[in-house]
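Working notes, beginning with the structure itself.
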Amino acid sequence: LPRPSHYSFTFSLTFLLYTSFHLSRKPISIVKWLIRLAKPWGTLKTLNCFSLCPDKSNYKQLLGAMDYSFLCAYAVGMYLSGIIGERLPIRLYLSVGMLMSGLFTCLFGLGYVYNIHSLSFYIFVQVANGLVQTTGWPSVVTCIGNWFGKGRRGLIMGIWNSHTSVGNILGSLIAGYWVSSNWGLSFIVPGVIIAVMGVVCFLFLIERKRFFIFTLWDTELLLPQEDGGSVCVPVQQLVVVKSESEPSAISFMGALRIPGVIEFSLCLLFAKLVSYTFLFWLPLYITKAAHLDAKKAGDLSTLFDVGGIVGGILAGVISDKLGKRATTCAVMLLLAAPTLYGFSMISEFGLGPTIGMLVVCGGLVNGPYALITTAVSADLGTHKSLKGNSRALSTVTAIIDGTGSVGAAIGPLLAGVLSSRGWDQVFYMLMAADFLALLVGSKCGWV
């Protein structure tokens, strides 16, 4: 039977495992400015996309396409990943995915070492990395969901989900350290880290075993005696612990029929669109709007993730207290819209107000996103309609996050197109997405 130390160990280990996933995704947003500054084309060790399109004004669209290749592959792969993950050992599935993620992240950085100037090479690496990274989220949510019940799930998963922001912060700092001198290391170092964590996962991750207990009360045994008679002997309480037979994994269509899965999936699509647009474009926007160099912009962008940590925890605590996760999401989405509008005028603020806006905006944008992908997904994956079948959690998580990842793919792509017309257009798009998330979520009844 599990010991208390197993809970804290699993919490900490899965936290670190998914931190390394986000750590490996962040460098591209920090290194982007080098692509923009490459001149003359082909003379610098840069991600020289411009050899395919010499018009410098199109660099934002090219960068948007590079983001889109990763996120589109991630979205498509996520639907398959949950189904596969339900049928394989979590420890093995997650470990292999992390090792492959490390390989492709390092390959991106090796483009600097070998002076590769082919856009197709980087897009191939992004697509492959997007596919293998889908092994992460369904696996860790299933693992943590099997260990922790519904009692304080919002608080526990709110704290646990801060790994997303911690990974983004570490990824920004690591990439920023080498961005000006050797951007290849901005990818190679995170790639090595996630590969090492893959080995740690294989060696130490504990998968929760399922048990059930038979209890016999006030039992008497009738024992024969030598003279031909018999005597009744009372028996103490008897407890028998047996390994539970595994139920069959739920089908994709079966998961869609769980009440709330479709509604929350669509809500996450728009919420994640906003979050991932910030993830991929915030450092470049700060560079342009606040007139800072890439390293300072990368460091300042980490405050958005600090706000995300606070927002995710607050969303979890409030939803536990109220017992209404959807209502908590609705309030935060409602407050996020005017905050996004204020953030669009960052160039008119001083440093102090800019820092405050980054933290507040990060909390309101990432709070609903964090709550839906963790506590809500775990609640729906153990819904009462499943009648105790715990082998639906990975599939439900993958459907919700996969649909959200469609929005994550669309957002950065739209940002690349709209930013050429002015950054205000990007923020109008983000505010519209925030409103649509609120509108779609209202179909859940906001209870």
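From the backbone N, Cα and C atoms, a Cβ is placed for every residue, glycine too.
For 1-447, the entry in TrEMBL reads domain 'Major facilitator superfamily (MFS) profile'.
Summarising the annotation, TrEMBL assigns transmembrane segment to 65-84 (among others).
The transmembrane segment annotation in TrEMBL covers 90-114 (among others).
Taken from TrEMBL, the feature transmembrane segment covers 159-179 (among others).
Note on the transmembrane segment (185-206): residues 6, 9-10, 13-14, 16-17, 20-21, 23-24, 26-27, 30-31, 90-92, 94-99, 101-110, 143, 171, 174-179 of its chain, located 6 or more positions outside it, place their CB under 8 angstroms from a CB of the stretch. The transmembrane segment annotation in TrEMBL covers 185-206 (among others).
Look at TrEMBL and you will find 261-282 (among others) tagged as transmembrane segment.
Per TrEMBL, transmembrane segment is recorded for 302-319 (among others). Long-range Cβ contacts of the transmembrane segment (302-319) within its own chain (Cβ-Cβ under 8 Å, at least 6 residues beyond either end) map to 153-159, 161-162, 164-166, 168-169, 172-173, 278, 282, 325, 327-329, 332, 355, 358-368, 370-371, 374-375.
Positions annotated as transmembrane segment by TrEMBL: 326-343 (among others).
For 355-380 (among others), the entry in TrEMBL reads transmembrane segment.
The annotation transmembrane segment is assigned in TrEMBL to 392-414 (among others).
What TrEMBL records for 426-446 (among others) is transmembrane segment.
Tallying C-beta pairs under 8 angstroms between the transmembrane segment (355-380) and each of 65-84, 159-179, 426-446 places 159-179 first. Note on the transmembrane segment (65-84): residues 25, 28, 49, 93, 119, 122-123, 126-135, 137-138, 249, 252, 276, 280, 394-399, 401-403, 405-406, 408-409, 412-413, 416 of its chain, located 6 or more positions outside it, place their CB under 8 angstroms from a CB of the stretch.
Away from its own ends, the transmembrane segment (392-414) comes close to residues 64-65, 67-68, 71-72, 74-76, 78-83, 85-86, 134, 137-139, 141-142, 145-146, 249-252, 254-256, 258, 261, 264-266, 268-277, 280-281, 369, 372-373, 376-378, 380-383, 386, 426, 429-430, 433 of its chain (Cβ-Cβ under 8 Å, at least six residues beyond either end).
With a threshold of 8 Å between CB atoms, the same-chain residues lying at least 6 positions outside the transmembrane segment (261-282) that come near it are 25-26, 28-29, 67, 71, 168, 255, 301, 304, 326, 329, 333, 336, 340, 361-362, 365-366, 368-369, 372-373, 376-377, 380, 396, 399-408, 410-412, 414-416, 419, 426, 430, 433-434, 436-437, 440-441, 443-444.
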